[in-house]
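Have a look at the structure below before the remarks.
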Amino acid sequence: MDATTVTVTGAGGQIGYALLFRIASGAMLGPDRPVRLRLLEIPQGLKAAEGAALELQDCAFPLLRSVEITDDARTGFDGANIAMLVGARPRAAGMERGDLLAANAGIFGPQGAALNEVAAADIRVVVVGNPANTNALIAAASAPDIPGDRFAALTRLDHDRAVAQLADATRRSVTDVAGVTIWGNHSATQFPDLDHATVAGRPAREVLADALGGADAVTRWLDDEFVPRVAKRGAEIIAVRGSSSAASAANAALSHIRDSLLGTGDGWTSAAVLSRGEYGVAEGLYSSFPVTSDGSGYRIVEGLSLDDRARARLDASVAELTAERDAVRALGLI
Ligand code: NAX
């Protein structure tokens, strides 16, 4: 089988460190597909990437064909089949949102342009670095020859968090849970939605009512515990661990690519993909939706009903995405 070239940006960071070894082991592309890794860093991050490359060598992974390290985007993305854009500029003390968007546009704009020039024809891109949805929008806008639906931003971590919280609350296994959706932005405004979810084939609200003591208790749990817990889980991890989610984020990025390439099977997952107006989300935004893949890339699951509560929450998150898009437009970044 031909080797797949996977480029990881920010490869010297903590998510990169949790991600590279699992890609090289075959956990992302399957046990038969050889992989060539490209680690793209800024000059300050090269040493850490080199260290990871030494350890990759020491693992003697049978599927790993090569590891190349660079701080040049064109070299890093040359012939890439998959790009995982993890490296981003974090919010520094005193930074306004416009400054953060502009700093990241300075990364994701040039990376999108480099992808446009040198990536393989079948390139697929997942943006992990925050603000992920708008960074995906900027990268895609800078890559006019790559179809917009090849870009996505990661909301799989939010999705997996929601699945795990539902399994925990109903004392069932995560494998019993289906039909969970993350809508909107990968931020505190996201809407983790259980209205279409099932647990062991029964509507999640029914199973929750049994576990929590009635329908009112379910509504309280959803609004006061579940939604905020999933949306703010990143802050909870920082408070407990002392640094931000890394292994779980890497796992989610890997699952995002794996399911896009190998298929989602019977159920659906969540990813922030290009809106063509589905569910009233403004066309052109990268917003999280329920998605399936048959191996050819993510497609939005259509036709789900949204009640007033769901509509209001989705609209609030989309309003934030629209404001981010308008801000980068006003700055002339897209
Ligand atoms: P780290 O600070 O550990 O690593 C980031 C790495 O990116 C550093 O090595 C840095 O040198 C490199 N980098 C910076 N600018 C770069 C550029 N222009 N090209 C290539 N590399 C560059 O951060 P880490 O914990 O790994 O997180 C990375 C990003 O993921 C952050 O933006 C973070 O906010 C975001 N996250 C996104 C999540 C999601 O679900 N979408 C969840 C986890 C995480 O918070």
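For all residues, glycine too, the Cβ spot is worked out from N, Cα and C.
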Substrate binding in TrEMBL involves Arg97, Asn130, Arg161; of Arg91, Arg124, the partner in that site is Arg91
For the domain 'Lactate/malate dehydrogenase N-terminal' (5-143), the DSSP residue counts stand at 66 helix, 26 strand, 47 coil
Same chain, |i - j| six or more, Cβ under 8 Å of His186 (active site, proton acceptor); the result in sequence order is Asn130, Pro131, Ala132, Asn133, Ala153, Leu154, Thr155, Asp158, Ala272, Ser288
In the domain 'Lactate/malate dehydrogenase C-terminal' (155-328), averaged pLDDT is 97
Sorting the recorded positions Gly10, Gly12, Arg97, His186 by sequence and keeping only those with a Cβ under 6 Å from ligand 1 gives Gly10, Gly12, His186
Students should find that the Cα atoms of Arg161 (substrate binding site) and Gly10 (NAD(+) binding site) sit apart, in Å rounded to an integer, by 23
